[in-house]
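Undergrad: Sharing a structure, written as structure tokens. Questions coming.
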Amino acid sequence: MMHAVIDALCAGVDLSAEQTEALFRDLIAGALTEIELSALFVALKAKGETPAEIAGAARALRGTSVPFARPAYVYADCCGTGGDGQSTVNVSTAVAFVAAEAGLPVAKHGNRSVSSQCGSADALEALGARLDPPAEVSRRALDEVGFCFLFAPQYHAGLRHAMPVRRALKVRTIMNLLGPLVNPSAPPIQVMGIYDPELVTHAARTLGMLGCQAALVVHGGGLDEVALHAPTRAARLRDGVVEELLIDPADAGVAPAPIEALRGAGPAANAAWLRDLLAGRGAPAHRDAVAINAGALLWIAGRAEGLREGTALALEALGSGRAAERLTRFVALSRDGAQEARKEAKHG
């Protein structure tokens, strides 16, 4: 079967979502050799992945992930692909806590660093959080704190079969696109950053195929987030329709800032940065970068009439300093809840 698939891809033939889903279920089960995986990834990349192919791969991963009980209330995710190579501070993690403080719970799917010196998982771990509490503990955090972190390796163990190939290839493939698309909580609202501006609209259409109700996919001047230093190319998904947009910092009422103002450091420094920022002590460029991205999430979720209003709400939440308390509560719950779950399992 695989040779026929590779021949078709090399001839420029697109796969259906169902075909791609079946292939990725084989990947997850460890049924494909490293040579077959290499050929599949490279052939898809050379042809150019379609929204249907990406959606099929994402469905396979969602369908085989560790289950997470979806809440009935509205919640969201803000996650980027990484891979932009810019080594900026970990904006998306701060965005999640700010959005939660503004009333929008966030189930953040994430991993360790891809393009920066510190990913979401690295920063939270440096703050003392447990990355791998049981799913029910994470759901409790979402309910009680308005934030939970779903660590990708914990929920998608089958992806380990692709790691040797990804390390050997050292090029971007469909695997680099999938992280933000396979949140096991299947959030109805999402802001997704992407490393390639040419994939912005593709990704928005893919989210629609996956059942996302409202989304914004962004690439800002080389960053997988809304930028302060350049216009941001965006695609908004609403009611099944994708609309292309261009976002300028002035649209949100914040000042431009050079990308150099957002350069990051290692986990310990990022943890301190995150704590200070959420306590209302962030540098202006850091504050505005987080606010415009949190504002986009609040806008897309319907908590604000537009980006400017959403950004103002985010700035208010940042200024209050209360998001830092939310961070402290999450760290404690992730650690203590995991310990309680282990004790119950031991005595149960």
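Any Cβ shown, glycine's included, is placed from N, Cα and C.
Taken from Swiss-Prot, the feature 5-phospho-alpha-D-ribose 1-diphosphate binding site applies to G80, 83-84, T88, 90-93, 108-116, S120, supported by sequence analysis. The annotation anthranilate 1 binding site is assigned in Swiss-Prot to G80, N111. Marked as Mg(2+) 1 binding site by Swiss-Prot: S92, E225. As annotated by Swiss-Prot, anthranilate 2 binding site applies to R166. Summarising the annotation, Swiss-Prot assigns Mg(2+) 2 binding site to D224, E225 and lists sequence analysis as the type of evidence.
Map the listed features onto the structure and describe their local environment.
TA: A C-beta separation below 8 Å, combined with a sequence spacing of at least six in one chain, links H109 (5-phospho-alpha-D-ribose 1-diphosphate binding site) to D77, C79, L150, A152, Y155, G179, P180, V182, N183, P184, S185.
For the recorded site, G80 (5-phospho-alpha-D-ribose 1-diphosphate binding site), the DSSP three-state label reads strand. Around G80 (5-phospho-alpha-D-ribose 1-diphosphate binding site), the same-chain residues six or more apart in sequence whose CB sits under 8 Å from its CB are S92, P180, M192, G193, I194, Y195, D224, E225, listed in sequence order.
In the three-state DSSP assignment, the secondary structure recorded for S92 (5-phospho-alpha-D-ribose 1-diphosphate binding site) is helix.
For R166 (anthranilate 2 binding site), other Cβ atoms within 10 Å of its Cβ number 17.
Cβ neighbour count for D224 (Mg(2+) 2 binding site): 27 (other Cβ atoms within 10 Å of its Cβ, all protein chains included).
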Undergrad: May I ask for the distance between N111 (anthranilate 1 binding site) and T88 (5-phospho-alpha-D-ribose 1-diphosphate binding site), taken between their Cα atoms and rounded to an integer number of Å?
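TA: Per the Cα atoms, N111 (anthranilate 1 binding site) and T88 (5-phospho-alpha-D-ribose 1-diphosphate binding site) stand 16 Å apart.
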Undergrad: Among the binding-site residues listed here, S92, N111, which has the most company in the form of other Cβ atoms within 10 Å of its Cβ?
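TA: Buried the deepest by this measure is S92.
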Undergrad: Please name the residue among the binding-site residues T88, R112, E225 whose C-beta has the most neighbouring C-beta atoms within 10 angstroms.
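TA: Answer returned by the neighbour count: E225.
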